Amino acid sequence: MNAAAVIRHRLFWPAAVLVLLLAANVFFTPGFLSVELKDGHLYGSLIDIARFGAPLILVAIGMTLVIATGGIDLSVGSVVAISGALACLWITDLDDQQSVGGVLTAVGLALGLALFLGLCNGVLVAGIGIQPIVATLILMVAGRGLAQLITDGQILTVNSAPYKLIGGGYWLTLPFGVLIVAAVLAITAFLTRRMALGLLLESVGGNPVASRLAGIRSRGLIVTVYAFCALCAGIAGLMVSSNVSSADGNNAGLWIELDAILAVVIGGTSLAGGRFSLGGTVLGALVIQTLTTTIYTIGIPPETTLLFKALVVVAVCLLQSPAFREKALNRRRRRPQAAPASADPKVKVPA
Amino acid sequence: MDDAPAPILHMRGICKEFPGVRALSDVDFRLLPGEVHALMGENGAGKSTLIKVLTGVHAVDGGEITLDGAPVSFSGPLAAQQAGISTVYQEVNLCPNLSVAENILIGREPRRFGRIHWKEVRRRAAAVLERLEIHVDVSAPLSSCSLAVQQMVAIARAVDVSARVLILDEPTSSLDAGEVAQLFRVMRRLKAEGIAILFVSHFLDQIYEIADRMTILRDGRLVGEYLTGELGQVELVGKMIGKELKDLESLENAPKDIAAAERSRPFAEARSLGRPGAVEPFTLTIHEGEVVGLAGLLGSGRTEVARLLFGADHATTGELSVGGAPVTLRTPRAATNHGIAFCSENRRAEGLIPDLTVRENIILALQAARGWARPIPRRTQDELVAKYIDALKIRPADPDRPVKNLSGGNQQKVLLARWLIVEPKLLILDEPTRGIDVGAKAEIQRLVVELSDGGMAVLFISAELEEVLRLSHKVGVLRDRRLVAELPNDDDLTTGVLMETIASGGRA
């Protein structure tokens, strides 16, 4: 593959930004890239980024499919809180918090509720025809109340080793959460790219009217992706609450919907729907998580972190825009007019 | 022609390259004031690219453009418009949710005390339309107007920007005969005012009626510039496609066994099928292997008939039986399950998924029918797609190119291929040859004949009566959303008879 093809690849710019961010970290913290094995667990900043970024990646994967259909899901943050709250509530009521069976029931209940909430979103959007941003706004606002209701306005703390595994544990030297993300990503990639789900989703997002006339049953597809998105958020909610062994109805998953949407956009999926890229989304989520880490390591004053983050995000988005790059390049070297008409057509190098 | 007045616009040695494709090489083009100049060529010959280069949508890779003798280079359509070059595209690019007046004056609203002076907006819009002899309520939303009126509004807007050069890209493709005549009146008036008009159309008769001069392109190269009066139609077509057009003529004489089509089993029978506001109850039988043509003016209910038969709209009255069994088609999916396929006339809005590739667009309907859990194996995809790219001569023959980058005719073929691979029993074609070139048109017509010979039922909708007559076993005539006549296509049926039926509503 030649250099031009690499630069044209749609994942080039997000990847370049990620590398740049990592390089900045290495500059400020020389040992940043080192990963070491301690007590059978891998440790290091890179592992931390993956571990803390796991819930965001999960939510962003679900969000990618929703956005591909031309929709959006604002309620994922609330679903994160609800799922964690319900699981923790169930576990605090257990006689033995260490019982694996009890924890599994809690997980099942939490994910079941998340799935149900997602179905509600899907029905509001595809069945009733409410605009996605409004339909999911309902659950975004109401969901916080539901989470508070579950926790009775308190922060529920649990002390359960099996539950701690989900977000804070290790398996085969790796953080368990990272393994869950890998599994969800693999399943999603299989369903969308090996099966024909991806084509149908992109078609529905790309032109809903034409898709209907081509015989695609878009209603079922749309309900499915909202349910899937909520399920991903539910799993993320378990991770978040498991990592801190507590459920906070107010702050768990706060603003994660915005980070997830941002990750999808940085990954090159258009908010207008159509083409989507799971790999891009994962890269985008990693960029955001690395950025958060970077802000701490290079000692940006905490009160200005959000501003700094915003500036970097704007820069990333501009870099990704072909129109902007062209403008910026043209300003630097205004090409003289009238390229010779007889010039040979550009030789295409096979990739 | 050296005694001609100095050209208002002159393009010399224009070259344009897209990755992997040479769209234009060394093309010259000039436009004289007060002339209608037709730009001719097949789909993909470079007509649209030349227009886009001229209006600044694309930057030129080589050559120069002079306007009134001064070299120009536009950064975009807006800059071109400010210099006096306005364009009206094939597909109307206006805001349907705004009023007619707003559409005409958008971005240039007259103001008073810093606020938009609405009364003046309406007055000026009405004045512009008056000049073009279009009578329509300027405060009505554009979406409530017919496509033809929308087209006129687009032209009114272009003219009102005080254009000296007006580019009309396929303006007539969705107009009926009366509207075309109206458009031509407008064009002649603008011409008399000294405006130079660049006109693109696939209707040769229209070119000969309105154009003074024509420039022919083929494969991105200039074939030549001719006075319309000096080049016959047959020579023109020969120059456009680079060969003689015997195939089309042989097709014209193909004998049709009308009786045989009537004897074969009926595939779809509509009895008093109708939907208020769309089309009045109609009764129509389509036999296996039969081509049924639908003729009628634009908006006479042709498309509505097709949509009812395909389940795109619900029929509220009457019944439909397919293959002898009564069915209720609630969705297009139900229709595809019964072996019915529908190529919409509006391929951009209702046909293609622009961001997806040619391959993905072609396999879409088949994949939808199989469901997401049964993907078409990649090798089967490749075989099917290669077969239809080859059979329909889709160009460029690259299955992985986004379909939005193809020319109109090739997009139409992609849409056809999508439905042909599902092997339907009834194929509904709504204006399949609109806006595409002569060569592609002949290919599609030949295909229709072949398919019906193979036993497929075809419902063929077209505004071109000659085409309907050439292909159909019988012709249904629509007028004012009513099926007024069903005529067997025997020796007595001519375009004249069809036109009379349309005009008289079959009462004569």
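Every residue number used here counts from 1 along the chain in the order it is shown.
A Cβ is built for glycine as well, from the same backbone N, Cα and C atoms used for every other residue.
Here is what TrEMBL says about this protein:
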REGION    A:330-351  region 'Disordered'
TRANSMEM  A:12-29  transmembrane segment
TRANSMEM  A:49-67  transmembrane segment
TRANSMEM  A:74-92  transmembrane segment
TRANSMEM  A:104-126  transmembrane segment
TRANSMEM  A:133-150  transmembrane segment
TRANSMEM  A:170-191  transmembrane segment
TRANSMEM  A:221-240  transmembrane segment
TRANSMEM  A:252-271  transmembrane segment
TRANSMEM  A:278-300  transmembrane segment
TRANSMEM  A:306-324  transmembrane segment
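Only sequence-distant pairs (6 or more apart) were considered; of these, at least three Cβ pairs between the transmembrane segment (A:170-191) and the transmembrane segment (A:49-67) are under 8 A, so the stretches are in contact.
With a cut-off of 8 Å on Cβ pairs spaced 6 or more residues apart, the transmembrane segment (A:49-67) and the transmembrane segment (A:252-271) reach 3 or more such pairs and are scored as touching. If you look at the transmembrane segment (A:74-92), the same-chain residues 6 or more away from its ends with a CB under 8 A from one of its CBs are 55, 59, 62-63, 102-103, 105-107, 109-111, 113-114, 117-118, 121, 133, 136-144, 146-147, 150-151, 156-158, 160, 163, 229-230, 232-238, 240-242, 246-257, 260. The transmembrane segment (A:278-300) makes no contact with the transmembrane segment (A:133-150), as judged by fewer than three Cβ pairs under 8 Å among residues 6 or more apart in sequence.
Within the chain carrying the transmembrane segment (A:12-29), a Cβ under 8 angstroms from the stretch's Cβ atoms is held by residues 6, 45, 266-268, 280, 283-284, 286-287, 290-291, 293-294, 297-299, 316, 319-320, all 6 or more beyond its ends. Long-range Cβ contacts of the transmembrane segment (A:252-271) within its own chain (Cβ-Cβ under 8 Å, at least 6 residues beyond either end) map to 10-11, 14, 17, 55-57, 59-60, 62-64, 67-68, 72-81, 84-85, 140, 147, 233, 236-237, 240-241, 277, 279-285, 287-288, 313, 316-317, 320.
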